Amino acid sequence: MSVHRDAIRGARSVVVKIGTTALTTPSGVFDRGRLHYLADAIEARMKAGSDVVIVSSGAIAAGIEPLKLTKRPADLATKQAAASVGQVALVNSWSAAFGRYDRTVGQVLLTAHDISMRVQHNNAQRTLDRLRALHAVAIVNENDTVATNEIRFGDNDRLSALVAHLVGADALILLSDIDGLYDGDPRKAPEDNPARFISEVSGPDDLADVTAGRGSHLGTGGMVSKLSSALLAADAGVPVLLAAAADAASALGDASVGTVFAPRPERMSARRFWVRYAAEASGTLTLDDGAVRAVVQQRRSLLPAGISAVSGRFFGGDVVELRDQENAMVARGVVAYDKAELATMLGRSTSDLPAEMRRPAVHADDLVAV
């Protein structure tokens, strides 16, 4: 068994993401029996000494039957209505499942915007930390009643990666109807040329020959979403296991199933992770070629002299994207000036600026190359 599977097996803090298809029958009916099976596997992991945070999809699916809908709704308003009804059923089901073990659950509803704003980000972190300290099981879900993009894309995959870093998890386990990563769709590959199972991914280069298809009709997150989220978490230093919910006992036990994504050797700091992945960019700075080299290759601070244009609406302390002359993003960072102020400084040497404007536009400590 690889060192990364060993790390997942021995992780003391784990985030488990459970997709919609893991909680429904093939016909789309919310299945409490499946949820109880998953709760049993998670309980076994917690009894072994791990803290577990659950990121659970399934609110919309759980709302279909109570609202007497015949299928998953297509329009946004009905999706949000189903989510508002289904979230109650979902959390009650988790509460009943863990109640068998005399455990209390706590509901945490988030959107990507909550994670992106530093104050809300810190509040969410404190809440999750406190729930764990009080030995409650945190059930995290996207707030589908107010979110829009989250309903259309991701099925909590990206959120789970963000939460894993938010709580300082030692491992992220993604459970759905997908048993791991293949270089093609195993359901469509011919018998004489079956899709090859990929046991371990060391980095993006290992995915060069992988063809990712679309997800199930019940969820919104397909393989593309899962790959993106797994690579995000791994890049931040968190090992990831992608496995089938049916294999949850093994995934949460000895981590012998599924595909493991190896983490980068050094864990990214919380601030750099927030700048790189979590924060919403409020604007864009366009850099000349010399500034791109200084920022990307030399890891130096960005000076106003290297900025040729600014766009968006930002203020000092906001996160902005740094783009080259071809409009390709090369970095993200925390800008030191308001847009109106920075616009008067473009292309000017530091020595030509007033003393109060001689700080870098983006300090090297607040820069993350992409």
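Note: Cβ is positioned from N, Cα and C throughout, glycine not excepted.
What Swiss-Prot says about this protein:
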- K17, S176, D177, T220, G221, G222, M223, V224, S225, K226: ATP binding site (BINDING)
- S57, D144, N156: substrate binding site (BINDING)
- 282-360: domain 'PUA' (DOMAIN)
For D144 (substrate binding site), the one of D177, M223, S225 that lies nearest, given that the binding-site residues are compared by Cα: S225
Number of other Cβ atoms within 10 Å of the Cβ of D177 (ATP binding site) across all protein chains: 17
Maximum Cα-Cα separation (Å), residues S57, D144, N156 listed as binding substrate: 10
Across the domain 'PUA' (282-360), average pLDDT on the 0 to 100 scale: 95
CB contacts for N156 (substrate binding site) [other CB atoms within 10 A, all chains]: 29
For K17 (ATP binding site): DSSP state (helix, strand, coil): strand
Secondary structure at S225 (ATP binding site), reduced by DSSP to three states: helix
Composition by DSSP (helix, strand, coil) of residues within the domain 'PUA' (282-360): 23 helix, 23 strand, 33 coil
Around the Cβ of M223 (ATP binding site), the count of other Cβ atoms that are within 10 Å: 20
